[in-house]
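**Q** The structure's right below; bear with me while I get my questions together.
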Amino acid sequence: LIAMNWSALVHHIFILFPLLPPPPPPLFLKQITIISDIISHSTIILNGLHCCILFFGNGLVTARDHEQWYKQRRIMDPAFSSLYLRGLMGTFNERAEKLMDKLAELADNKTEANMLHLLNCVTLDVISKVAFGVDLDLLKNSSPFPKAIETCLKGMVTYVRDVFFEFNPKNRRNVNEVREACRLLRTTGAKWISERKTTMQNGDEVPKDILTQIIKTASQEENMTEEDEEFMLDNFVTFFIAGQETTANQLGFCIMALGRHPEILEKAKKEVDDVIGMKRDISYDDLGELVYLSQVLKETLRIYPPAPGTSRDVAEDMVIDDIHIPGGFSVVFNSYVSGRLERFFKDPLRFDPERFHPDAPKPYYCYYPFALGPRSCLGQNFAQMEAKVVMAKLLQRFDFTLVPGQTFDILDAGTLRPKSGVLCTLSHRDYKNK
């Protein structure tokens, strides 16, 4: 929000924290030509913010060495190919059905639903099952993982805002809580990876999940080192935290937006009725037919991007469109800001899925909820498939209204999320009686 306010005062580029000590403060960019040149430049490296490295290690999101990153990406890519993702539709459907069962129970009991909490449960269920073959079933069972993830994200925000936080004796308890949460996730990841490798080496049957695919691909690499094994663990933590949280927040914002725009909600329901009907199992091909729902999800990400920005380090001086960018600075691209600027999107605060109609002009370099260029998010197709399955089933089965009086504010908690939790009342659609 601070970046949004500053962007209204300047045209192309600004320094947000001019009083920070070395290294130089970040430059915030909002000029499309500058963003396109920098973000697609192969020699400009990702800025692995210190606070992110503390939590994610040197995985795909934070690796600064290009060769190191490229090797990791090569190992991870096959597990996120469209062919492999097709095979995950069964799990997407199964986990979404568990959510529908829980929502049906709440509807029958006329109980308010905290949608964000429930969505966090189902997205973490999906991640643990399709990625690591572990069945948490969080809608029924308790687990330390949700709290650990939330603690890590809160810790990351705290470190961003106060680089000296961990050195203040008054904060020792909070620092220890964050460290314990990180330790839980890393020790769990190391255990799951080790057990899977042992099972595969013994020739026993293993789940056809993302972890199996990654281990198989890694075994074909030459010169795998202990460091590479540690990177695999870093990516486990990254995927477990970022992959779950961001999708849940997108779905929460989507439900919030639809609840505030009944005409868009009805149009989305009609498309689901036409494409899915009363089917319980949604197919991969069905997802491609849900064009308007895709537009709704994209518009949600424009106004409410869960991961609002990315950054790059500029090693040498650059001049783009007569604008001088000094070497040694980090440049920040904020999709929350660019998605809300009138110069890029007419009437930007209006929720309008028609902006993403297949025939509409493409918003290049001003819409990047999954980043852009070589370092764009590896799991974006995974996330959007999951989101579309969950939303399609919700629209198919239930009518919902937002509980009056709740706030529609945004909370910055490592990712952007709906502050209210998106409280809803639900009722069965005619589907139940058909």
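Placed from the backbone N, Cα and C atoms, the Cβ positions cover glycine too.
The heme binding site feature in TrEMBL is assigned to Cys377. The coiled coil annotation in TrEMBL covers 89-116.
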**Q** Including all protein chains displayed, how many Cβ atoms other than that of Cys377 (heme binding site) lie within 10 Å of its Cβ?
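**A** The Cβ of Cys377 (heme binding site) has 21 Cβ neighbours within 10 Å.
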**Q** Averaged over the whole of the coiled coil (89-116), what is the pLDDT?
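**A** Average per-residue pLDDT within the coiled coil (89-116): 97.
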**Q** Secondary structure at Cys377 (heme binding site) (DSSP, helix/strand/coil)?
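**A** Note: Cys377 (heme binding site) is coil by DSSP, not helix or strand.
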